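Chemist: Grabbed the feature section from Swiss-Prot, which reads as follows:
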- 31-235: domain 'Lon N-terminal' (DOMAIN)
- G389, P390, P391, G392, V393, G394, K395, T396: ATP binding site (BINDING)
- 626-806: domain 'Lon proteolytic' (DOMAIN)
- S714: active site (ACT_SITE)
- K757: active site (ACT_SITE)
Amino acid sequence: MDESKKARSGDKKKEKAVAGILPHSNKPARVPLIAVPSHPVFPGMFIPIVLISDSDMKAIDYAMKGNGIIALFVLNDKFLEKNNNNAQQKLIIDYSKDIYSVGVTGKIIKKINLPDGGYNIFVSTFDRIKFVKVVLNDKFPIIEIDYLKQIPVRKDDIQSKAVYGSILLRTKEIFAHRKMPEVQLNMVNIEDKGKLCDIVASTISSSKNDHQIVLETLNVKDRLKKVLELIYEELNLIEIQNKIAKGIQERLEKQQKEFFLKEQLKAIKAELGIGDKKSSDLEKLKTKLKALELKGEPLEVVEKELEKFSLLETSSAEYIVVRNYLELITELPWRDFKINFDKLDLQKSKKILDKTHYGMNEVKDRIIEYISVLKLRKTQKGAIILLVGPPGVGKTSIGAAIAKVLRTKFFRFSVGGMRDESEIKGHRRTYVGALPGKIIQGLRITKTNSPVFLIDEVDKISASSYGDPFSVLLEVLDPEQNVRFRDHYLDLPFDISNVFFILTANSVETIPRPLLNRMEIIEISGYIDNEKIEIARKYLIPKVLSENGVDKDSLKFQSSSLVQIAQEYARDNGVRNFEKYLNKIVRKVARKLIENTEVKSYQISNDNLEEYVGVPVFRKESMPNAMYSGMVMGLAWTNYGGSTLMIETVKTESKVGGIKLTGRLGDVMKESANIAYTYVNSIKGDLSISKSFFEKNIIHLHIPEGATPKDGPSAGITIASAFISLALNKVVRPHLAMTGELSLTGNVMMIGGLKEKIIAAKRSGVEHIIVPKANRVDLEEIPTNIKSGINFYLVDNMREVIKLLF
């Protein structure tokens, strides 16, 4: 019975040997396992291994108490990727899945304790082994292993001999390129082909998988072929590395040679006392341009221009052109200027705007909204705003205040009367004296790509044979295009989308519709007398006193004198003329202070105002002393504010009826007069007007101050009311004024400039105003202090107007 068991056991051992597995014999079948994350270890090596995990160190201590034999297996890639290439001690390893199945045995020759608590062991490796199973995994793994037997090459195998010879030859080439010691070269000259493969594979910088394949290949013939493949891959890699190294070496040698020659040239010129202006300019430009870190098209253009510049003589005209062009590039803000959004304070911003400008609430609110959006977005974004209003209301000066609020730079340029588009977009460099346009010049001066740009008087641009500046502004103000704005002189794409554009105009009538669509329009109305006086007290008087060196205690203004200046000298919508008269007064006082040092203080009142500013420029507006039939007061709006407009009509007998117009009326107002005439004629029966009135009379319509041009549609209902008053021979109710456009069917349509018209009416003592019902919203937005003391009547048909006339 025992003999049969032994026989069967012997048969099993023979079967294992045939399969490439050696019987255990006297070698240990169970050993501690060390899992390493690096490349596989081959038999016949002497290697150091650093261990830091507790389980590995305990396994080493256990092995050294016995025969010192350990098993070395490599962690596979799946495990390392899953654990981010970290093989630290706290990771849980499933040895049946996480290690390669073939490893080696090794004997611990020496152990060194490391300062951080780890071990550095030196191991001599022996046999290829196969992982069978874990038999104990308490504090460290002990595994059962099978010893693998390699299949040797037959002595008469000519192919293997040829491969063996190639390996010897190519390995020596690799060692020669790597400049390895002669000891390692001698190691190659061994007869054992399997051992040769292991030694060569361990010295080649192949992948972990390739090394593992060599380790797992038990057939030496196949192992020879695999190693030869790896050798050729290594030689190809060496060839590529040598080419790269050679190219780098050649470039370095060329640079060193150029540097040496340049230094020699500098030394020779210094010895001869010859200055090298071009070299100095070139070096300065290169240093500045390098700091910009340009990319793409700008970098390519700069490199070409630098190369051209280096070949030019300083005496040539093009030398200056190229240098100026490169200097422009160095001075432009190519990098983003970052606004510190946390420092943008809404309350402080509001205070700054209120301190510098009175009123203008819509503009201030828009700026506060813009700052709020910036703080929320945390990214820069430009804006395009058009301020429309009469002269002198602060449209231009508000730009500097906005820049201060946004903590950025301010740049202003006027386009009033501009006819050449090159002023905005630059001249091409082929022209003599070419310059960049105002946009690029502004960026160059402010040195930031997010400044506040104020483009003044945009409504006064005029087209010519030199191009249309309006068309250029379309590109500048289009968010889709200004990301890559291309100035003719610079001829490179430049991002101006972060610029805060403010444009000013007195009227939008001359601005093309496509340009208006690109802008947010904010209308700034003129100031009433009370507002002008408040502005004078808070802003203008301290300003003119400071500018003229007059102490505030040396000059006082009575309130009545300021009212008189506003009403009789500076009646425009703005405060520019008001400031001029204040300046005139202060200058005269300054002269008196110098000429008569005994008088220390002066006071301006109604009694002495004419002494300083002369006779009044305007008469005080009021209702006529006497009203007649055919007379009606209308209201007009101009770029300089509102005014009253007295419509006068008389009839003269004639065989043929008709209408005669005088008072320098414009085409639109003439059409309004004809429409009013036709409308009243069409309803004469309803108003009990005789048929002969229009058939046998010529109606003469006149608007006084004939030297002043007058135009616009808003006098339609006023003219019709004058015709009705004349036809009925009735005087309209006292202190009545009106404004509204009249259609041919009697509808009353919307008008503009309502606030200014009401101000003018109030100044003239008007108590009743007829307004189109379509202007209800405009009327509600007008401050109560302006509307106080006036009764308003909203109408949408001429018949409603007629009921209010008498």
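Cβ atoms here come from the backbone N, Cα and C positions, even for glycine.
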Chemist: Which of the three DSSP-derived classes (helix, strand, coil) applies to V393 (ATP binding site)?
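Modeler: Going by the DSSP assignment, V393 (ATP binding site) belongs to neither helix nor strand, so it counts as coil.
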Chemist: Among all protein chains shown, how many Cβ atoms are found within 10 Å of the Cβ of T396 (ATP binding site), not counting that one?
Modeler: 17
Chemist: Neighbour count first, Cβ atoms within 10 Å, every protein chain included; then name which of P391, G394 tops the list of binding-site residues.
Modeler: G394
Chemist: Return only the integer: C-alpha distance in Å from P391 (ATP binding site) to K757 (active site).
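Modeler: So the alpha carbons of P391 (ATP binding site) and K757 (active site) sit roughly 17 Å from each other.
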Chemist: For a quick check of packing: other C-beta atoms within 10 Å of the C-beta of V393 (ATP binding site), how many?
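Modeler: Excluding its own Cβ, V393 (ATP binding site) sees 27 Cβ atoms within 10 Å.
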Chemist: For S714 (active site), write down the residues of its own chain that are at least 6 apart in sequence and whose Cβ falls under 8 Å from its Cβ; none is a fine answer.
Modeler: G634, L635, A636, W637, T739, G740, E741, I751, G752, G753
Chemist: Mind giving me a neighbour count for K395 (ATP binding site)? Other Cβ atoms within 10 Å of its Cβ, every protein chain shown.
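Modeler: Neighbour count, Cβ to Cβ under the 10 Å cut-off: 26.
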Chemist: Express the distance between the Cα positions of G389 (ATP binding site) and K757 (active site) as a whole number of Å.
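Modeler: G389 (ATP binding site) to K757 (active site), Cα-Cα distance: 14 Å.
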Chemist: Between V393 (ATP binding site) and K757 (active site), how far is it from one CA atom to the other, in Å?
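Modeler: If we compare the Cα positions of V393 (ATP binding site) and K757 (active site), the gap is 17 Å.
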Chemist: Compute the C-alpha separation of T396 (ATP binding site) from K757 (active site), stating it in Å without decimals.
Modeler: 24
Chemist: For K395 (ATP binding site) and K757 (active site), determine the Cα separation and express it in whole Å.
Modeler: 21
Chemist: For the ATP site given as G389, P390, P391, G392, V393, G394, K395, T396, which other residues of the same chain have their Cβ within 8 Å of the site's Cβ centre?
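Modeler: Going along the sequence, the neighbours appear as L387, T504, N506, I524, N573, G574, R576.
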Chemist: If I take the alpha carbons of K757 (active site) and P390 (ATP binding site), what is the distance between them in whole Å?
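Modeler: Given the Cα positions, K757 (active site) is 14 Å from P390 (ATP binding site).
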Chemist: On the 0 to 100 scale, where does the mean pLDDT of the domain 'Lon N-terminal' (31-235) fall?
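Modeler: Per the prediction, mean pLDDT sits at 84 for the domain 'Lon N-terminal' (31-235).
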Chemist: Give the number of CB atoms, excluding that of G389 (ATP binding site) itself, located within 10 Å of its CB.
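Modeler: Its Cβ shell of radius 10 Å holds 22 other Cβ atoms.
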Chemist: In the structure shown, with every protein chain counted, which of the binding-site residues P390, G392 has the densest set of Cβ atoms within 10 angstroms of its Cβ?
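Modeler: Answer by Cβ density within 10 Å: P390.
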